[in-house]
Amino acid sequence: MSTPSPAAAPSREEWLAKARTLSEALPFMRRYAGRTVVVKYGGHAMGDESLGRRFANDIVLMKQMGISPVVVHGGGPQIGQMLERLKIKSEFVDGLRVTDKETVEIAEMVLSGSINKQIVALINDAGGDAVGLSGKDDDLIEARKVTRSKRDPDSNIEKVIDLGFVGDPFRVNPGLLHKLQQADIIPVIAPIGIGEDGQTYNINADTAAGAIAAAVNATRLLLLTDVAGVLDKQKRLIPEMSVEAAQRAIDDGTATGGMIPKIETCLRAVNGGVEAAVILDGRVPHAIVLELFTEGGAGTLIGRK
């Protein structure tokens, strides 16, 4: 039986390439040191074990470089899978899941009790110190009920559609996050909010991340998605957009479907004080590192010129 040959040592060229990469990253490390970056973790990357480990490594790397990461995660597909297992049908309006009392309890169970703990474990296994939270902890995310209206084609009357316990953040109380950051702990937040009446609300993870980014005065909001970023009408990636250009992309139909609410989240965050927001492909290994620490970045950056 032949023994496996040892892996070849890196060549001089490979070492030089790594040195150039580190040299390129240095000014970006200085730029972000001591600043907060909010990362929304979602999409198919959450279902890929290898990408999940790489994501956790990137979060720990950010922390080791002096950045204060805050993670907000989604979990729509996992909620859908649990509802299917329980034989509960899902209904959507404008991409939002109609959420009755039973469904919001299941959503909280999946988001806070399962997904959140898995992400915390991944970060801790990678050498970080993470703690799981939901928006209900210390009234972190106060939410109000979301409503939608649709015009009836027969009567031409606008009808209000009750989405149940779906909420939008109206206030973020970041005191708990500041305490965790001062203790060098990485917060991992499930997008569950609490209403003025104590009711639990399911919140879109992008929306929650944007509100948190504004509340903690983050330097960056990173939305990990399943697309490369904002595409022009020829399906080419737009690497950078001003606030005005991003709004035009919505108005003129360049942005369509699920990209519209993501751009709107970025606009609210930037208008709320975040320096820039980036929509990037979470399926790309180390997308966060590419965005933060390389000249070319990754995805589409939306900010004020």
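Just so it is clear, glycine is given a Cβ too, placed from its N, Cα and C backbone atoms.
From a predicted model like this one, the values you see are computed outputs, not experimental measurements.
Of the listed candidates (ARG53, ARG54, ARG97, ARG220), Swiss-Prot assigns ARG97 to the same substrate site as GLY75, GLY76, ASN202. Of all the recorded positions listed (LYS40, ARG97, LYS262), ARG97 has the fewest other CB atoms within 10 A of its CB.
Taking Cβ-Cβ distances under 8 Å and a sequence gap of 6 or more within the same chain, the neighbours of GLY75 (substrate binding site) are GLY42, MET46, ALA107, VAL110, LEU111, ILE115, ALA190, ALA205. GLY76 (substrate binding site): 21 other CB atoms within 10 A of its CB, across all protein chains. Reported as a whole number, the C-alpha separation between ASN202 (substrate binding site) and LYS262 (site 'Transition state stabilizer') equals 17 Å. Neighbouring residues of the recorded substrate site, listed in sequence order and excluding GLY75, GLY76, ARG97, ASN202, comprise GLY74, ILE79, GLY80, THR99, ALA107, LEU111, ASN204, ALA205 (Cβ within 8 Å of the Cβ centroid). The closest partner of LYS262 (site 'Transition state stabilizer') among the recorded positions, by CA position, is LYS40; the full candidate set was LYS40, GLY76, ARG97.
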